[in-house]
Amino acid sequence: MNMLGMFCVRTFSGLVGFRTATCVVRPLHSFPGITVAQIDEEVAKLLELKARLGGDDGKHQFVLKTAKGTRDYNPKQMAIREKVFNTIINCFKRHGAETIDTPVFELKETLTGKYGEDSKLIYDLKDQGGELLSLRYDLTVPFARYLAMNKITNIKRYHIAKVYRRDNPAMTRGRYREFYQCDFDIAGQYDAMIPDAECLRIVHEILSELDLGDFRIKVNDRRILDGMFAVCGVPDDKFRTICSTVDKLDKMPWEDVKKEMVNEKGLSEEAAEQIGEYVSMQGGKTLAERLLQDHKISQSKQACAVVFEKSLFHYRFYFIFFCLYYGVVFDLSLARGLDYYTGVIYEALLTQAGVAQISTEAQNGATSEENVSVGSVAGGGRYDGLVGMFDPKGRKVPCVGVSIGIERIFSIMEQKAEVMENKSSCLSHG
């Protein structure tokens with residue numbers, strides 16, 4: 001009888017997948033006088049229980065959903081996307097750009113060493129016939145590889161395609177693991193700051209035409225940052241890693257950024273405090289003039305010779321125009337974390353990001369507002385050394401470009417469309 005008891009326990013365990021919380025089976029010897037017929041009856045009950053619980057029969061329970069950080073788009077959403085794409089493409093073409101395409105994956109070594117701390121977000125693929133491959137992280141590095149391979153030294157190009165990042169997705173803020181980038185780049189020799197100014201003008205035209213609300217364009221220069229780091233006592237070999245930390249100021253408060261610099265990056269408290277003084281500065285041409293007169297900056301040959309004589313001299317007249325007409329602000333906290341930037345860098349932010357007014361008058365006689373922050377909606381900069389990293393002879397091609405944060409723009413426009421639809425529905429039923 002004890003053998004039968006063990007059989008019953010094992011049968012039960014196999015039938016319900018060890019769901020002992022649902023039913024408790026005791027050894028057979030604790031039930032004196034039990035018969036085989038009774039055992040058969042209990043087994044039948046267990047089989048019935050298994051059927052009710054939806055036993056897997058050895059099959060994996062498949063959950064039907066999209067992968068993390070991805071999404072589907074219905075026809076209404078695709079109509080919004082098509083409108084945005086058309087607006088962007090028309091602007092790129094107005095500025096004389098022609099389009100190219102590159103593979104969705106690249107050799108892993110093509111992407112390695114170009115993104116700094118963000119390299120950990122690259123999707124690596126399994127070995128495919130002897131080649132180590134990775135999904136493209138952005139469209140800029142493949143563009144530089146394309147220029148070097150084809151020995152192109154002068155082109156205006158735009159490229160709209162999907163890129164992939166193993167990031168922490170935030171779907172409501174337009175941050176995905178698979179998403180589109182809309183890039184415009186100018187490669188070749190031009191008068192100083194002319195291509196950079198054209199990229200800023202493109203950002204202004206697109207955001208104005210899409211009517212997303214008020215926005216601000218922040219500008220800085222990697223050479224200014226390097227000079228600032230030098231006078232603050234940052235070792236040369238920590239410039240890029242400290243730059244990546246400064247780049248987090250739009251997501252983290254200064255105290256957390258400082259803590260990362262000191263505790264994780266090994267920077268001294270004094271150096272971090274000095275950086276904090278500089279990155280709090282922003283303004284127009286008056287800030288450039290103020291920095292030129294800064295006592296610490298004037299003591300640094302690197303800052304004066306490498307940064308300000310080559311950089312702020314151009315900004316002095318360049319900002320007069322753009323600050324007056326395009327809402328550009330010079331912001332020392334702007335860093336752009338990618339390693340390949342070598343000069344001017346910029347970023348566009350909505351100052352009233354995705355404000356949705358949801359009428360609740362029928363409930364409480366008031367109107368509430370729900371703000372959805374989406375972060376920057378465009379960014380870019382100059383990367384004069386990237387093409388040379390792929391050229392066998394190290395020949396450099398000056399490049400500058402901008403990428404429109406299309407998914408974040410979609411998030412705002414989808415929300416606006418939903419709000420308008422709700423308002424129309426309320427009016428029709430009012």
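Positions of Cβ are set from backbone N, Cα and C atoms, glycine also.
Annotation comment: TrEMBL describes 40-413 as domain 'Aminoacyl-transfer RNA synthetases class-II family profile'.
Taken from TrEMBL, the feature L-histidine binding site applies to D138, L139, T140, R165, Q181, D185, R336, Y340, Y341. Over all protein chains present, the Cβ of R336 (L-histidine binding site) has 21 other Cβ atoms lying within 10 Å.
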Average pLDDT across the domain 'Aminoacyl-transfer RNA synthetases class-II family profile' (40-413), rounded to a whole number: 83
Distant-in-sequence Cβ neighbours of D138 (L-histidine binding site), under 8 Å, six or more positions away: Y115, V163, Q181, D183, S403
Sparsest Cβ surroundings (other CB atoms within 10 Å) among the binding-site residues T140, Q181: Q181
